[in-house]
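J.: Okay, so TrEMBL annotates it like this:
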- GLU154: active site (ACT_SITE)
- CYS110, HIS153, HIS157: Fe cation binding site (BINDING)
Amino acid sequence: MLTMEDIIREGHATLRQVAEPTDIPPNEEDKKTLQSMMDFLLHSQDPEIAEEYNLRPGVGIAAPQINIPKRMIAVRTTNHKDELEEYGLFNPKIISHSAETTFLESGEGCLSVDREITGTVPRYSRIKVEGYDLNGEKVVKRFRGFLAIVFQHEIDHLNGIMFYDRIDEDDPYKETLPPKEVINRTEHEEPLS
Ligand code: NB4
Ligand code: NI
């Protein structure tokens, strides 16, 4: 089972590399790795297991964080309807996104970063992701709200990007203005938790 000791921290070169695509269909070793990443999220969200193994809670993890420079991510969280959404994807890719951007009010953290970093991390409000699941089946799905932010944080890791790279260093709390055509949108996003 994966624990915090398996997670590499900022300063480690792997976190700055562009990860390699996996085989499709996925090989058994990569499938085992991805399953262990999904298990880590489950464990980290179980108060008893998390306490026993000293796990920080996580809603996402990317393979480079366990020092495997391959394009694999796991995401596990609830959506705006409070339903569990769980994904393990090989070679995930954002194939389209909104012009509108958003950010997590409470900022972002990272299992590979052992310090608090405050500031606005701009993210697309809505994305369409393509990838392959544990069975090697193609998945194409739209995400918005918190889930969209988690996917962008994880896909960034596959490209060697850390969340704080996206904070404006001269104006850390800068709020990126939405593009003109969506400022007057009538539809409201659910509040981001
Ligand atoms: C990835 C996230 C950082 C910001 C916001 C938040 C948590 C992570 C990092 C976007 C993606 C891990 C991977 C949480 C968390 C809220 C929901 C449901 C019940 C506990 C869980 C706690 F754990 N970040 N941790 N950080 N990363 N919310 N929640 N809750 O997951 O570095 O690259 O279980
Ligand atoms: Ni992270």
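Using the three backbone atoms N, Cα and C, a Cβ is placed for every residue, glycine included.
Where in this structure would I find these features, and how exposed are they?
T.: The number of other Cβ atoms within 10 Å of the Cβ belonging to GLU154 (active site), over all protein chains shown, comes to 24.
Annotation note: CYS110 (Fe cation binding site) sits in a coil segment as assigned by DSSP.
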J.: Identify, in sequence order, the residues in the chain of HIS157 (Fe cation binding site) that are 6 or more apart from it along the sequence and have a CB within less than 8 Å of its CB; answer 'none' if there are none.
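T.: Sequence-distant Cβ neighbours: LEU15, ALA19, ALA62, PRO64, GLN65, ILE73.
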J.: Excluding CYS110, HIS153, HIS157, please set out which residues of the same chain place their CB within 8 Å of the center of the CB atoms of the Fe cation site, keeping sequence order.
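T.: Other same-chain residues with Cβ inside the cutoff are GLY60, ALA62, GLN65, GLU108, LEU111, SER112, GLU154, ASP156, MET162, PHE163.
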J.: Enter the number of other CB atoms within 10 angstroms of the CB of HIS153 (Fe cation binding site).
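T.: The answer is 24.
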J.: Can you give me the Cα-Cα distance between GLU154 (active site) and CYS110 (Fe cation binding site) in Å, rounded to a whole number?
T.: 10
